[in-house]
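Shown next, in structure tokens, is the structure this report addresses.
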């Protein structure tokens with residue numbers, strides 16, 4: 001039998017050995033196709049001069065592939081039941097450390113400084129993310145300013161479509177903007193549901209996020225910028241005016257003045273949020289921020 005973890009036979013053997021039962025609440029689906037693992041590490045551009053943070057190693061299938069190609073790997077695992085399994089399956093790799101904990105509550109920057117022997121090496125984040133925590137984890141990693149050159153995630157295809165979307169498409173929304181503001185997003189390849197154990201209900205995709213040197217647009221207040229983008233998509237079929245007036249009631253008595261000012265910078269409030277690109281949202285939020293401060 002192959003020693004690689006990512007095969008149906010080896011995965012079944014490991015699970016039986018430890019009497020492991022999947023927890024639906026943790027969205028556990030383990031990869032059983034080593035070709036997919038190779039494609040993930042190729043997409044992430046992992047080399048021996050790269051440190052890697054992995055989130056959710058499971059029984060270690062992707063971790064094993066990362067250990068073979070990276071300098072060091074630090075893996076966050078929330079499920080304590082998996083720790084003895086990982087000790088076993090990864091025992092041959094001295095360049096892997098497993099941290100028991102929830103990455104959403106962790107000080108990842110501190111972990112990087114303390115756990116890697118050479119923290120100065122380029123850092124990449126790689127993960128097979130369960131659907132229920134995909135967005136919170138990605139946004140935490142972005143907003144905590146983790147010094148990662150890139151992030152490569154396997155996630156539900158629908159979410160990958162939203163992250164990599166372009167304006168005027170049904171997948172484009174506030175999540176697209178929240179991520180593409182900081183990162184270039186590429187949907188690398190589709191992963192069929194048949195390569196997981198247990199098999200999920202939907203296909204997955206691998207998305208590669210590469211950090212921009214500067215955010216995609218200049219904004220006066222990032223927090224307000226994201227507040228405006230979220231408000232603009234609150235009800236997708238409504239116009240910018242309807243959504244923004246609902247979020248910021250102080251705009252209502254000054255509609256004519258607002259319309260005139262936004263028309264002057266090329267933004268029509270009868271448009272829907274999905275038609276604006278990120279630089280246009282930056283112009284909109286910068287104008288609105290100043291407008292709302294006026295007496």
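Residue positions begin at 1 at the first shown residue.
Cβ from N, Cα, C; glycine included.
For reference, Swiss-Prot has these:
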type: BINDING; residues: 29, 31, 56, 77, 102, 128; note: S-adenosyl-L-methionine binding site
*State which of the following binding-site residues has the fewest other Cβ atoms within 10 Å around its Cβ: 77, 102.*
102
*For the binding-site residues listed here (29, 128), which one has the lowest count of neighbouring CB atoms within 10 Å of its own CB?*
29
*What is the number of other Cβ atoms found within 10 Å of the Cβ of residue 31 (S-adenosyl-L-methionine binding site)?*
25
*Could you list the residues of the same chain, at least six apart in sequence, whose Cβ is under 8 A from the Cβ of residue 56 (S-adenosyl-L-methionine binding site)?*
76, 77, 78, 127, 128, 129, 130
*Can you see whether DSSP assigns residue 31 (S-adenosyl-L-methionine binding site) to helix, strand or coil?*
strand
*If H, G and I count as helix, E and B as strand, and all else as coil, what does DSSP give for residue 102 (S-adenosyl-L-methionine binding site)?*
coil
